[in-house]
Amino acid sequence: MQNNPYSWIESSLSTIHKANWYRSVKTIESIPGAIIKLEGKKLINFASNDYLGLAGDERLIAAAIQATKEFGSGSTGSRLLTGHREIHQELEREIAKLKQTESALVFSSGYLANIGVISSVVSQRDLILSDEYNHSSLKNGAILSGAKIIEYSHNNIEYLKNKLEQKRENYRRSLIITDSVFSMDGDLCKLPLLLDLAEKYNSMLLVDEAHATGVFGINGGGCVEHFNCTGKQLIQIGTLSKALGSLGGYVAGSKNLIEFLRNRTPTWIYTTGLTPADTAAALTAIKIIKKEPERRMKLWQNLEIFINLLETESQLLHKGKKTSNYESPIICFPLKNAVEALKVGEKLKQEGIFAPAIRPPTVNTSRIRISLMSTHETSHLQQLIAALINLSQ
């Protein structure tokens, strides 16, 4: 028997290092935006989820300061005890309006929303069908639920249909779970087809709108709005920490669903309520995206400019460096392995670009992931293209 029960940690760390999977934090020394300061150097930021550039917006900052002055720095308890403020309820009403649902519920993070909701609506007698590219929080929520999990190959509707045909009748409840925008590839789920299958096989459907909220849809309502599926029966989950520039998560759906979750979801019941500052910032962000659709339009214009610049430089498509589909502001450049990805990320930094390597186990294959923002200027996009060209030669 080993003398030290913690000795395995050193061995595990060594394995992580050998696989080039080791991670460490990088300290950003500036306010969020298209230009950031890292290690004393200004870089163009292509690694942020701040799609609409709201995290550094003075109106969000002012709202957070005012809420802190009025309500304090923390909520001090769970929402069912001392942690509820009127501003929480106001935010939930605005989310429900944005998502065009009967009701909504705010969580302290998107991760907590996913694991809490999934493990509340299904359990050991039930079936979960999950896209293989789903976010970690969706996968861990499925595991926590104790339900039977079937992972279907990415966006493979025929495979999913076959599994529902074979397995659905053996279980009490069925839940299909998917990201609407897949965060590490940038492609979209086939939402209308998933809704058809859910209806046909008496299955619930949960869609994680983390990277779609504020970005997709004529009003910023996400992929549900983008695909004209508003009003359909489904569970919508999202985050306040990406395009909304704050922190927290939400679930939107029917009044009965939200009342049930408020009474049964441990990650909401037993967690301190979202801080007044984060709540106020998110509330302000929703109001801004409704009043300023030009922010969203500028984001999509930047994507169009980037695609045009990219496609005129055919060198980038040589040597197997074929990019992902252009369905969202997330563009991926697949690479051979973690070592190559780390080298490319470092070379980009030397060219004034911050777009670090994405490696296993976060993803199956290594890549550079580019995230566009509405606050990027055309010159920023041109500098990125120039840097990519230099690397491809």
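Heads up, the Cβ atoms here are built off N, Cα and C, so glycines get one too.
The pyridoxal 5'-phosphate site recorded in Swiss-Prot comprises Gly110, Tyr111, Asp208, Glu209, Ala210, His211, Thr239, Leu240, Ser241, Lys242 together with one of Ser78, Ser145, Ser174, Ser183, namely Ser183. Substrate binds Arg23, His135 as Swiss-Prot records it, and from the list Thr312, Thr362, Thr365, Thr375 the residue named for this site is Thr362. Reported as a whole number, the C-alpha separation between Thr362 (substrate binding site) and Glu209 (pyridoxal 5'-phosphate binding site) equals 19 Å. Here the candidates are the binding-site residues Ser183, Glu209, His211, Leu240, Lys242, and by Cα distance the one nearest Arg23 (substrate binding site) turns out to be Ser183. Fewest Cβ neighbours within 10 Å among the binding-site residues Arg23, His135, His211, Lys242: this applies to Arg23. Across the fold, the C-alpha of His211 (pyridoxal 5'-phosphate binding site) and the C-alpha of His135 (substrate binding site) stand 11 Å from each other.
Each of the binding-site residues Ser183, Thr362 was ranked by the number of other C-beta atoms within 10 Å, and first place falls to Ser183.
Non-local neighbourhood of Glu209 (pyridoxal 5'-phosphate binding site): Lys99, Ser180, Val181, Gly222, Cys223, Val224, Gln236, Ile237, Gly238, each in the same chain, at least six residues away, with C-beta under 8 Å from its C-beta.
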